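Features of the protein shown, as given by TrEMBL:
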BINDING   A:26-33, A:143-146, A:172, A:180-183  ATP binding site
ACT_SITE  A:33  active site, proton donor
BINDING   A:57  beta-alanine binding site
BINDING   A:57, A:149  (R)-pantoate binding site
C-alpha cells in the first residue's frame, strides 16, 4: 500500500491507471468508512482513500482542533482492506493564499446543515473539487448519513461536468441503532444513551409513514421520542432536498440534527 | 471537423483521445484567436475550439446582447485551421438553477479589470472550470491580451490541481499596433484612430523603461500620449499581479483600460 502526501505525486502515480475508486475521509476510520472502502474494493481495480481533516469545512468554534486523528490505526485499517493508495495531504500543499473559492448553492447550500453551519459546504465542495481533480476517480463513495453533503456533491458533479459516478452508501449503525460517526467518541455513557433516541425517532417515523402521510403528525411523534439537549431540526425533504409537506414514497428523506451534551449529531432515514 | 453542442457528447467523443489542445473562445474569431488555434494545431494531436458567449461573465448593462456572433464564419475559420472539434454549447446545457458558484480570489480577482467589472472573473472562472472538465485538455491556449484573466486561470489550475498546461500566447495586433479584439468593430473611424494611442502609450512606456525605472515618470508620459474618453487605469504589476513601484525587468506588465466612445478597450505590454 502506497502512502503519499504530495498531490503532484498522487497525480503521477495514478496517471495511467484506469478504473479508480475513491473514498475521501477525514480519518478516524470506523466501520462506516470501512463499508465504503469495501464497496470500492469490489467495484474497482485501484482503490484510493484520502485522509485529510479539511480546515475550511470547520466553522470558527467548531471541533477542528479536537477532531480525532489516528493516522497509524487508519493506515492499518486501509492496508487490511486492500487499499492501494492512501493520500494524506496537509493544509500547506492543499491550500494557498488568496484562493479561488467555491460557493455552495445559495438555497440548498444554506438550509439545514448549511443554516446551522453556514459556509460548511463551501469548504466541503472546495476540498472535494480539489480531491476529484487530483485523483480523477471513475467512482467516488459517499455515505448517506451526510445526506445533504451527498446531494451537493452530486450537484457539483453535474454543474462542473465531472465524469465521476457518485456511489451512495448506506449508513452503518451500531447494533442498538446509533449511526456511526467519528464524533461519537465525544459522548459520555449517559449521553450515548440519549443519543440513541435519534435513530429511534427516525425508525418510528419510517414505520408511521406507511400509514400516515402528514408530516406534522409524524414530527410530533418523533419529538416525543427524542431526548436531546438541543433539537436543531427535524426536516422532511425529497431526494433533491426540496422541503415536502407529505411523505412521498421512495422520495423522502427525514433528517435530524441535535446536540447531546456538547456533541452535535446528525442522522437520517431514506423512505 | 466535428461540431457538437452537448457537453456529454464532447466527453464521449474525447474519452479515449490523448494529447488534446484546447482554445476556449466567445466566437467572432479574428487573427488573435487564429494564432492560438495555429499554435494548438502545431502542438497537439486533437484540437478543440469552444465557441460560447458566456452570459455569467457579462455584468448587467454590458454588451452581452450586442456581442458579435457569426457562427458560420467561425466554423469556416476553424475548418481551414484544421480544428478537429468545435464545441458550441448553449446556456441551457451549461448552466442550471441554484448553481454551485466559483468566486475569483478576493484580492486579485477584484483589482483592475475585477474592480471595473466586479464579478466578471467569477463568471470567467466558472465557465472555464466547466470547459476544462468537459474537454480535459493537456494544453489550453490563452492570449496575453487578457493578462489578468490569464493569471487567474493559471491560479485556478494551481488551486484546483488541474493537470493542464496553460500556454500563454502573444497579443496579435493590426499593422498600426491596435490589439485585435472582437469589440474593435464597435469603433467608428475617428474612435479607432484615438484607440491607437493605447498601444502607442504602451510601446512608449516599454521604450522608456530601459532607462527609467520610476513608474510615475513613465505614467505621466503615457497620459500625454493617450487620447481616450475615459481612462480607467494605467497599472504596473509583476507577473503575479502584485502592484509594483519600480519597473522590474522581465517581470513587469503595464496595463491600460480605457473607453473610446462607448467601447471599452484593454491592452498591455509585458517587459
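Keep in mind that glycine also has a Cβ here, set from the backbone N, Cα and C atoms.
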For each of A:26, A:29, A:172, count the other CB atoms within 10 A of its CB; which of these binding-site residues has the top count? A:29
Whole-number Å only: compute the distance from the Cα of residue A:182 (ATP binding site) to the Cα of the residue listed as 'active site, proton donor'. 10
Keeping only the binding-site residues of A:57, A:144, A:149, A:172 whose C-alpha lies within 10 A of that of the residue listed as 'active site, proton donor' yields A:172
For residue A:149 ((R)-pantoate binding site), just give me the three-state DSSP call. helix
Here the Cα-Cα span from residue A:57 (beta-alanine binding site) to residue A:26 (ATP binding site), rounded to a whole number of angstrom, reaches 11
Here the Cα-Cα span from residue A:26 (ATP binding site) to residue A:149 ((R)-pantoate binding site), rounded to a whole number of angstrom, reaches 14
List the same-chain residues at least 6 positions away in sequence whose Cβ sits under 8 Å from the Cβ of residue A:144 (ATP binding site), in sequence order, or say none. A:150, A:168, A:169, A:170, A:171, A:268, A:270
Cβ density check for residue A:182 (ATP binding site), other Cβ within 10 Å (all protein chains) comes to 20
Counting across all protein chains present, how many other Cβ atoms fall within 10 Å of the Cβ of residue A:33 (active site, proton donor)? 27
So if I measure Cβ to Cβ from residue A:32 (ATP binding site) and keep only same-chain residues at least 6 apart in sequence, which ones fall under 8 Å? A:143, A:145, A:171, A:172, A:179, A:180, A:181
